[in-house]
Amino acid sequence: MNKTFDRYASLVSLIIAAAFMIESRNISSSAYGSNVGPNIFPFGLGLIFALLSLRLFYETFKDSKRDGETREKLDWKRFLIIFAAAALYAFFLEEIGYIVGTFAFLLIGFQTMQKGKWLSSILISALFSYGVYFVFVQVLQGTLPGWPVWFGM
Amino acid sequence: MDVLSYLGNGFATALDWHNLLFAFIGVLIGTAVGVLPGIGPMSGVALLIPVTASFTSGLSPEAAATSSIILLAGVYYGAMYGGSTTSILLNTPGESSSVVTALDGYQMAKQGRAGSALSIAAIGSFFAGIVSLVALVLLAKPLSDVALKFGPAEYFSLMLLGLCAVSGLAGKSMTKALMMTVFGLMLGTIGIDNVSGVARFTFDIPQLYQGLEFLTIAVGLFALGEVFKTILERESNDGELAKITRILPTKQDMKESTGPIVRGSLLGFFIGILPGAGATLASFFSYILEKKISKNPEKFGKGAIAGVAAPESANNAASGGAMIPLLTMGIPGSGTTAILMGALIMYNVQPGPLLFDEHPQVAWGLIASMFIGNLMLLALNMPLVKVFAKIISVPPKYLIPIIVAISVFGVYAVQTNTFDLMLLMVFGVAGYFLLKNDFPLAPLVLGLVLGPMIENNMRRALTASNGDFMIFLQKPVSLVFLVIAVLWITVPLLLKLRGKKVLVNEEG
C-alpha cells in the first residue's frame, strides 16, 4: 500500500467531488410533471464522494507506520514506449488506416517486449492486421479505416 | 406454459448449430483465458463483447443477443475450469478463485497425481455446474415473479443493497471500494438525462451526449490495466510444468472426493447468489469447511484430493449462482456479471424480472446453453488438458501487444470514433494505478451499469411521494433491503474494530 498515492488520490477526488457538486447546481432543478429534477442524484453523489474522500484522507494519517515497503523495480521505459505507441496508434487510426497502424504498433510492441526474431514479428503483425481487417470488413461488412488516402489505393 | 416447456424451447435455441458453435468458441476461449495469468474472466469477457457484436451483426436483434450472451457466459464459466489447470500444474493460479486449489493441487502434482487432480477438478466443476443450473431453472420463475411485484422504491433499495454488498466485500479498504462505487455512479450520470432530456456534465463535447460507453471503460480498466501491469512488472512464469501421467482418477480418489464435491457445489451455489460474495470467497469457504469436517485435517496442504475437489466445485457453482440475481432481478453481484449485464443492455435486452416474459429465448437459451457448455468443457478438459496446459507457454512478447491491438479494434468496431480510443487509453492507465493501490475496479463497473437504473427508480419513487425521501423507509420491503444494506457495511467494520480478520473477495 502506498500512503502518498492515497493522500493525493483523496485530494484529487475531493476536488472532483466539489466540481461535480458545483456543476450539478447548474443543471435544471425541475422536470416536467415532477418536482424531482435531474440535479438531485448527481448532487447527492458528489456529496457522498466528498465525504468518502475526506475519510480516505483521514485514514492515510491513521496507521502510517506500515510505510517503507520494498519497492519493486518497474520497467518504465518499456511501458512508456508501448503506451506512447498505443496512444499514437489510437489517435491517428483514422488518418493512417487500420492495417498500416496496427502493423506498425504490433511491430513496435513485439520488439519493445523483447528484441530479436524480426522475421516472426513481421509475419505475426502482418497476419494479424490484415487478417482482422479482412474478416471484419470484407466478411462481416464492418467499418474500419482502410488504407490511408495518400497511399493511392 | 410451464418451466419444462420453456426449458425445452431453450434447448431448441441452444442446439441451433450456430449457437452450439458460439458456446464451443466461448468455453474454448474461456479455458484459455483461465489458463493465461495475464487475463482474468473479467477482461476476457470485456474484450470479447465487441468481437461477438461483430460476429452476430447479421442476426436479428434477439437472436444476436442470445448468441453473444451464450458465448460470453461460456467464457465466464470456461475460465473457472481453466484457472484450475495452472494452479495444479504450475502453482500459479490463472485467476483468483483457484488460489486455494493450488494449495493441495500442486502438492498432488508433485506426487505425480496431477492427472487425477485435474480430472477431479473437471468432474467437480461439471457436477457443480449442473447443480447450479437445476437450481437456476427451479428458482428463476418464482424469483422473477416476486421481483415483478416490486415498485420503484423497492428496486432502488434492492440495488443499493447490491452496491453495498459488493463494496463491503471488495478489496482491502471499504472506503476505497465505496469511493469506486460512487465514482462509477457519477460517471454513469454523464450524458443526456433520459427522464428530462437535460444534458449533464457534457461540457458541449458531442461524444459525451450519449454518455460514457460502458464497454470502453470496462475494456480499458480490466484488459489494458492488466496488460500495463504485466509490462511494468515483468511478470514471468518460469515454473516447471508438472508431468501428467494418468488422466482418470482412481476409484479411491473418486470415493474421497464425492462428499467434498457435493458440499462444495451446494455451498458455492448459495454463496454465488449473495451479491458481492463471488467465486473466490466460495472456494475459500468450501476449503475451510472440508478441512474442518475432515477426519484427518493434517492431510490438507499435503495433497489431499478433497482440497482440490471442494474449492473447484464451489467456484463453478458460485459462477452459476451469480447468474440468478442477474437474470431474475437485474442485479449483478460481481464484476463479471456486471459486464455480462452491460453486454445484454448493449443489445437492448434489459435483465430483470421481465426478461423471462419479454425475451424467453434469451433467458432460457442461455440456461440451456450453460448445460451444453458444461458438457463440452468436461469433454474438452479430460482428453485435452495437456494441450491447454501448453497455452501458458505462449510468449508474452506476442500476447501483450496483441491484447492491446484487440482492445483498440474492439472499441473502434463498436464506437467508430477516436474519442473512445483515447478514453480507453486513459482508463487503461487509471486501471493500473487504481488496482495497484488497492482501489477495486469491479465496484466502479457495477456502479456505472446500475447508475442509470438506480437514478430512474429513485426519481420515480420520489415523484410518487412528492419528493419525500421517507418513502424508502415507509415501504416495508424497501426498509428491509435498506437495513440489510446498512448491516452489510457496518458489521464488517465492527468486526474489524474488534480485531477480527475479515475475509474479502479479491476478484479484480
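Note: Cβ is positioned from N, Cα and C throughout, glycine not excepted.
As the structure is a computational prediction, the values presented were derived from the model and not from experiment.
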Original post:
Can you check which of B:152-171, B:212-231 TrEMBL lists as transmembrane segment?
Top reply: B:152-171
Original post:
Which stretch from B:266-289, B:326-349, B:361-385, B:421-450, B:477-495 shares the most C-beta pairs under 8 Å with the transmembrane segment (B:152-171)?
Top reply: B:477-495
Original post:
Can you give the mean pLDDT for the domain 'DUF112' (B:20-446), rounded to a whole number?
Top reply: 83
Original post:
If we call contact 3 or more Cβ pairs under 8 Å (sequence gap 6 or more), are the transmembrane segment (B:63-83) and the transmembrane segment (B:361-385) touching?
Top reply: yes
Original post:
Can you name the far-off residues of the same chain, 6+ from the ends of the transmembrane segment (B:117-140), with a Cβ under 8 Å from a Cβ of it?
Top reply: 3, 7, 77, 80-81, 84-85, 88-89, 101, 104-105, 108-109, 244, 247-249, 253-254, 257, 260-262, 264-266, 268-269, 272, 305, 308-310, 312-321, 323-324, 327-328, 356, 363, 367, 370-371, 374-375, 377-378, 381-382, 385
